[in-house]
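K.L.:
One structure, pasted below without further comment.
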Amino acid sequence: MAKNQARFIFSHVLFLAVILYVDGKRDGHSNGHKNGHNNGPTTRKGRWESKLKMNFYHKTCPEAEDIVNEIVSKKVKANPSLAAKLLRVHYHDCFVRGCDASLLLDSVAGKDASEKEARPNLSLIGFDIIDEIKSVLEKRCPKVVSCADILTLAARDAVSYQYGRPLWNVFTGRVDGRVSLATEATRDLPSAGANFTVLQKLFAESDLNVVDLVALSGAHTIGTARCGVFGRRLLNFTGKGDSDPSLNPSYATLLKSKCTDKSQRLNSSAVVGMDPTGALSFDSGYFISLLQHKGLFTSDATLLTDPSAAHIASVFQNSGSFLAQFGRSMIKMSSIKVLTLGDEGGEIRRNCRVIN
């Protein structure tokens, strides 16, 4: 028994070491992050080599990161649910045109609707916090700190607040995009109903691999979702009034009790936590639940349909393993197609909601 347990632990540790090593090689990272001179991550194909750096604003606006952290920490302390909301805004920004704050732009009369107007983004919350941070920074350091960097830092600081330390490094130096289209958001954002093939394709297009896909799915360990998003899995999976057979029966019963009225009709606006072990604590609870077939969305459950993804999920039941890889995957995600100084189509917005 002891030997089998030791063998199991060793195989998981070895597996994690391998994926972290390979991932690190592909990212182009070294251990020199703290010196502030390291370039940010590069993709394995080199298509979007970034020029991001640690402490990019240390001369031009030395208080920038402290200001972001101070405001975000104050907000999350007062309302812990904001951590998930700010993280979600960052995700939704990066998967459309890269991490360029295009999501923050408001629609302009007479022009195509902006990303904010896309259906997947209508429930996003947290724009006012970014506005507040930007307002303070514009007074301290006019036209220096980009909205894209503010959003990236805010997401990290919001998630990290419960630990009292940053969970991953943020490389800065982004500038803001000038184009925002709702049609692109509808096309490019991963859907809660996506299967594994679709998810893997969408992530691969941003040079994010299966390890990143599983790790970043772990963001669902915090936050809530409306029952309308996954209601079909509960009440009409095949059109015959049935539940998704891949969903844990007891969990399905619990969800039905929260998502239906007395007549057993779906209450689409009802809200439940995405991780049944707790919606406010950023930890490995998501993976523990997932392996019990308690993934809330089809996009969660589908991770278990791929052997590699399922094995990675089993490794991430260990919080330390999950947090380490989540940080690495966030660094990769936040470098998707970034615009930096000198790139065509980029600027430092004075107001995150409108182009200059």
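Quick reminder: no glycine exception, Cβ is built from N, Cα and C everywhere.
According to TrEMBL, the record shows the following:
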type	residues	note
SIGNAL	1-24	signal peptide
DOMAIN	51-356	domain 'Plant heme peroxidase family profile'
SITE	Arg88	site 'Transition state stabilizer'
ACT_SITE	His92	active site, proton acceptor
BINDING	Pro190	substrate binding site
BINDING	Thr221, Asp275, Asp283	Ca(2+) 2 binding site
K.L.:
Cβ neighbours within 10 Å, counted over all protein chains: which one of the binding-site residues Asp275, Asp283 has the most?
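P.N.:
Comparing the binding-site residues Asp275, Asp283, the most crowded Cβ belongs to Asp275.
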K.L.:
Neighbourhood of the Ca(2+) 2 site (Thr221, Asp275, Asp283): other residues with Cβ within 8 Å of the Cβ centroid, in order?
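P.N.:
Apart from the listed residues, the neighbours are Gly218, His220, Ile222, Thr277, Gly278, Ala279, Ser281, Phe282, Ser284, Gly285, Tyr286, Ser289.
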K.L.:
Between the recorded positions Arg88, His92, Pro190, which lies closest to Asp283 (Ca(2+) 2 binding site), Cα to Cα?
P.N.:
Arg88
K.L.:
Calculate the per-residue pLDDT averaged over the domain 'Plant heme peroxidase family profile' (51-356) and state the result as an integer.
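P.N.:
Over the domain 'Plant heme peroxidase family profile' (51-356), the predicted model scores a mean pLDDT of 96.
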K.L.:
Between the Cα atoms of Asp275 (Ca(2+) 2 binding site) and Arg88 (site 'Transition state stabilizer'), find the distance and write it as a whole number of Å.
P.N.:
15
K.L.:
Does anything in the same chain, at least 6 positions from Arg88 (site 'Transition state stabilizer'), have a Cβ under 8 Å from its Cβ, and if so what?
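P.N.:
Those within reach of Arg88 (site 'Transition state stabilizer'), by Cβ under 8 Å and sequence separation of 6 or more, are Leu124, Gly126, Ala219, Gly223.
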K.L.:
How long is the line from the C-alpha of Pro190 (substrate binding site) to the C-alpha of Thr221 (Ca(2+) 2 binding site), rounded to the nearest angstrom?
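P.N.:
Taking the Cα atoms only, Pro190 (substrate binding site) lies 17 Å from Thr221 (Ca(2+) 2 binding site).
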K.L.:
CB neighbours of the residue listed as 'substrate binding site' within 10 A?
P.N.:
20
K.L.:
How many other Cβ atoms are found within 10 Å of the Cβ atom of Thr221 (Ca(2+) 2 binding site), counting all protein chains shown?
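P.N.:
Thr221 (Ca(2+) 2 binding site): 29 neighbouring Cβ atoms within 10 Å.
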K.L.:
Across all the protein chains here, work out how many other Cβ atoms are within 10 Å of the Cβ of His92 (active site, proton acceptor).
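P.N.:
The Cβ of His92 (active site, proton acceptor) has 20 Cβ neighbours within 10 Å.
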